[in-house]
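Data first, discussion second: the structure below is written as structure tokens.
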């Protein structure tokens, strides 16, 4: 009300004094946290995990139904297509086994589709989490706290890691009873190859989070990446059936090595020697993509703070 009663300087003849410096749209981050990292970070991780569990279990319990049904329904079309391609009497199985290293077509397709599904979930989670916070008006509040933004984004990704573990466990159980899939190799080495994939997956997740904060959209980028993985990484077929130039593109995509290593560990008795090269490649990708994601998120954070576009959409 006082502002409405204040006379216009132009009407009274008073001199208008311009602001010396425009206030920052968002507080600068970087203030030191009053407690050591080892003290406050576990509380942050527990709070982020608890919030996601409460929202999923109490607010949206229907998501649990999808969690139980989707792993069994998602690869159904791929399994039917693989069985149809094998021929009425399995005439093409010999050709497939010579190139895939196993004649277990169903398990081969199920494992490839599962890895594609998990990568898709993780990328959507990192991107959509930023987007949801923008829409809800929470992003500027969270990014203005003393917690480093990179650490905040990584911590908020922990529920996604727990969710991925649940999806993997449910998938393996349902594959066993619905499709009759058996792991003839080593479950331990299969999980180890997945663990070696986490650094590059988190790096890609940070890139997606940065892209979402920048362009305010994640769907297009996710569609492009998952399309590349589906076409080039051998989700439902051996890489050997691809033309040479497509195999060269596949060699540049980290999910190619994850899918191949998981299949090798789960379906062959080779052990560490059979997956060692792929695991080393995954670790190298992690050394590349994780720093790339950190740099991308830091650069985008500085840009949105400077331009005041953190919450605009």
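Here the Cβ of each residue, glycine as well, is placed from N, Cα and C on the backbone.
Per TrEMBL, these features apply:
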- 62-300: domain 'ABC transmembrane type-2' (DOMAIN)
- 1-31: region 'Disordered' (REGION)
- 64-85: transmembrane segment (TRANSMEM)
- 105-126: transmembrane segment (TRANSMEM)
- 147-169: transmembrane segment (TRANSMEM)
- 189-211: transmembrane segment (TRANSMEM)
- 218-239: transmembrane segment (TRANSMEM)
- 281-300: transmembrane segment (TRANSMEM)
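Beyond the ends of the transmembrane segment (189-211), by six or more residues, the same chain brings 119, 122-123, 125-127, 129-130, 150, 153-154, 157, 160-161, 168, 183, 218, 221-222, 225, 254, 258, 261-262, 265-266, 271-272, 275, 278-279, 282-283, 285-294, 296-297, 299-301 to within a C-beta distance below 8 angstroms of the stretch.
Beyond its flanks by at least six residues, the transmembrane segment (218-239) meets 78, 81-82, 96, 99-101, 109, 112-113, 115-116, 119-120, 123-124, 127-128, 130-131, 204, 208, 211-212, 246-247, 249-250, 253, 255-256, 259-260 of its own chain at Cβ-Cβ distances under 8 Å. Outside the transmembrane segment (281-300) by six or more residues, the chain places 149-150, 153, 193, 196-200, 202-207, 209-211, 213-214, 254, 257-258, 261 with a CB less than 8 A from a CB of the stretch.
Proximity of distant same-chain residues to the transmembrane segment (105-126), defined by a Cβ-Cβ separation under 8 Å and at least 6 residues beyond the stretch ends, is recorded for 71, 74-75, 78-79, 82-83, 86, 93, 96, 153, 157, 160, 163-164, 167-168, 171, 175, 179-183, 201, 204-206, 208-209, 212, 218, 222, 225-226, 229-230, 233-236, 255, 258-259, 262-263, 266-267.
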